[in-house]
């Protein structure tokens with residue numbers, strides 16, 4: 001989370017070309033931010049999966065977990081060193097050392113818990129293959145520390161290879177599964193023990209704690225919103241001496257200078273709030289999350305973390321300048337990807353909708369089209385704004401701020417617009433067709449819906 005802050009506080013002068021600034025950001029702070037965010041998320045996901053196996057803790061486990069959390073909070077500092085001094089091996093060694101110690105601590109947690117079976121979940125407690133579980137989990141936990149060990153060794157020989165190995169850490173589970181798939185195609189499927197697919201499988205459909213995913217996401221949105229508030233509190237309070245000497249003591253006149261900053265702040269905060277609302281609405285209808293959905297959620301949150309930078313860029317440069325145009329287009333790209341990954345989560349959930357989605361938003365459900373429209377709104381509007389600013393570059397700022405202002409209104413009338421649109425399509429393409437809901441018999445469908453709703457908890461206030 002802390003890696004959002006350095007990116008948000010990146011300063012750029014009015015006289016330098018934005019493209020050069022963006023290149024600098026991509027090679028330093030943005031690269032550091034993305035790698036840090038993704039690796040910290042990998043550590044968070046590993047923590048979730050570990051404590052899905054260990055469901056009870058005692059004082060010793062609490063202290064070991066606290067030591068692990070302390071090392072995780074030190075990772076952003078090591079990444080800052082790596083960004084500032086990429087050719088110096090000290091940053092790489094500090095990071096790899098932290099990860100290796102964390103791996104040893106997590107291995108100690110596993111050994112301690114398996115030595116006291118009452119701390120484990122019930123499925124492992126009653127299993128006859130408890131030793132197999134222990135060895136399987138230890139093998140998975142130690143993969144990342146071993147990769148970091150090799151990265152630290154290669155840092156003395158060829159430091160670029162060390163960075164490549166660290167990047168592989170992010171996608172190691174999926175690389176491992178890809179290699180297994182290639183091996184099965186080459187030499188045929190390998191028979192595995194049934195127990196090996198119950199925990200730490202790295203399969204895309206492996207369950208992930210929905211509550212933990214929502215809590216982590218809410219934390220990111222809260223931090224991003226707080227950074228926006230801190231920026232406007234920090235930079236937009238005029239000095240009393242300046243107010244007295246340059247504006248004749250008129251605070252109103254002094255604050256009028258910050259008009260573009262206020263407009264950018266309210267638009268950016270509305271964007272963060274509505275992206276959170278779309279995320280909340282989506283996960284309110286999700287009944288079970290998977291590893292693939294968690295990965296897509298991580299990518300969405302990574303772009304949400306770039307919104308404070310987008311806020312700063314939209315008012316940093318002189319009006320009608322090329323810098324302003326490119327800054328607005330960068331903001332559109334950030335908003336587009338933050339929204340499109342939310343939509344992708346829902347599309348992925350539709351693949352196994354009976355296990356992952358509430359009946360209302362499945363194919364043919366009463367809220368299916370509305371959810372599609374809600375999750376598609378920001379990607380479509382951001383993409384449209386980007387192309388409009390390319391064509392009407394003179395009005396880029398006005399178009400962008402108009403988008404930020406009108407999207408909240410669109411959210412308010414979205415349900416009405418969806419109903420009107422569906423009615424028009426039905427009138428055009430099947431004017432004499434029967435109501436789809438009546439085709440299978442209303443009574444049977446109502447009974448099926450009641451049975452589904454009884455099994456799936458749902459907050460009806462959202463609809």
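Cβ atoms here come from the backbone N, Cα and C positions, even for glycine.
Note on TrEMBL: of 295-315, 421-441, 442-462, the range annotated with the feature transmembrane segment is 295-315. Looking up the ranges 8-29, 30-51 in TrEMBL, the one annotated as transmembrane segment turns out to be 30-51. Here the transmembrane segment (262-283) has long-range neighbours at 210, 213-214, 217-218, 221, 224-225, 228-229, 231-232, 236, 289, 300, 304, 307-308, 310-311, 314-315, 335, 338-339, 342, 345-346, 371, 374-375, 377-378, 400-401, 404-405, 407-408, 411, 462, meaning same-chain residues at least 6 beyond its ends whose C-beta is under 8 angstroms from one of its own. Note on the transmembrane segment (30-51): residues 1, 3-4, 6-7, 68, 72, 75-76, 79-80, 82-83, 102, 106, 109-110, 137, 141, 144, 166-167, 169-170, 199-200, 208-209, 212, 216, 291, 294, 298, 301-302, 305-306 of its chain, located 6 or more positions outside it, place their CB under 8 angstroms from a CB of the stretch. Through the fold, the transmembrane segment (295-315) approaches residues 3-4, 7-8, 10, 18, 25, 30, 33-34, 37-38, 41, 213, 216-217, 220-221, 223-224, 227-228, 231, 260-261, 263-265, 267-268, 271-272, 275, 279, 289, 324, 327-328, 330-331, 334-335, 337-339, 341-342, 344-345, 348, 397, 400 of its own chain, all at least 6 residues removed from its boundaries and within a Cβ separation under 8 Å.
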